[in-house]
Amino acid sequence: MSNINVIDILKESDALLEGHFLLSSGRHSNRYCQCAKLLQCPQKAEKVISVIAEKLKEVDFNIIVGPAMGGVIVSYELARQTNKPGIFAERKEGVMCIRRGFEIKKGDKVIISEDVVTTGKSSLEVAKVIEEMGGEVVGIACIVDRRAEDIKTNYPIYSACKLEIETYEKDNCELCKKNIPFVKPGSREQK
């Protein structure tokens, strides 16, 4: 496999943005990663996800589950590259579930696929559903791991890249102090 610079591909795809952002957590940042911009470019997405597929070669799993929305395309492409089934979980009445005829069988070894892992919240919601159905989560695969050091998951993370993006409380945000307007790029509804 050739040496793939994931950060460069994210920048070329306008997926790694710089500016002033209000994150779904309510914190502010000067950088934001919007992997949907990468995923609209199939050839670039294929290259980046090949980095994850390479890391999964030694992992024993038989199915991939991506939470909607961000994990759906990642699940598909990772499934294509690893020759494993790829399905997705979605919310119904606010609760994550497996539907549309998809199933997790007792004993299935599952990789959860995501675009970006920040807090791990959606991955952990999906893991709960998988485990309730009798599956075993053996890892989380993602394009970007941007967890802070204090954010832990119970599962190994297989990422194409690790990004450390600083975040700030509104009161400590230098960009706010400079009156630079923010944008809300997140995928979760602001509360």
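Note: Cβ is positioned from N, Cα and C throughout, glycine not excepted.
Under a cutoff of 8 A between CB atoms, and with a sequence separation of 6+ in the same chain, the neighbours of SER122 (5-phospho-alpha-D-ribose 1-diphosphate binding site) are PRO67, GLY70, GLY71, MET96, GLU114. Taken from Swiss-Prot, the feature 5-phospho-alpha-D-ribose 1-diphosphate binding site covers GLU114, ASP115, VAL116, VAL117, THR118, THR119, GLY120, LYS121, SER122, and the record attributes it to sequence analysis.
Sequence annotations record features per position, and here Swiss-Prot assigns orotate binding site to THR118, ARG146 based on sequence analysis. ARG146 (orotate binding site) falls outside any helix or strand according to DSSP and counts as coil.
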Between the Cα atoms of VAL116 (5-phospho-alpha-D-ribose 1-diphosphate binding site) and ARG146 (orotate binding site), find the distance and write it as a whole number of Å.
7
Which residues, in sequence order, are found in the same chain with Cβ within 8 Å of the centroid defined by the Cβ atoms of GLU114, ASP115, VAL116, VAL117, THR118, THR119, GLY120, LYS121, SER122 at the 5-phospho-alpha-D-ribose 1-diphosphate site, excluding those residues themselves?
GLY70, SER123, CYS142, ARG147
Collapsed DSSP category at SER122 (5-phospho-alpha-D-ribose 1-diphosphate binding site):
helix
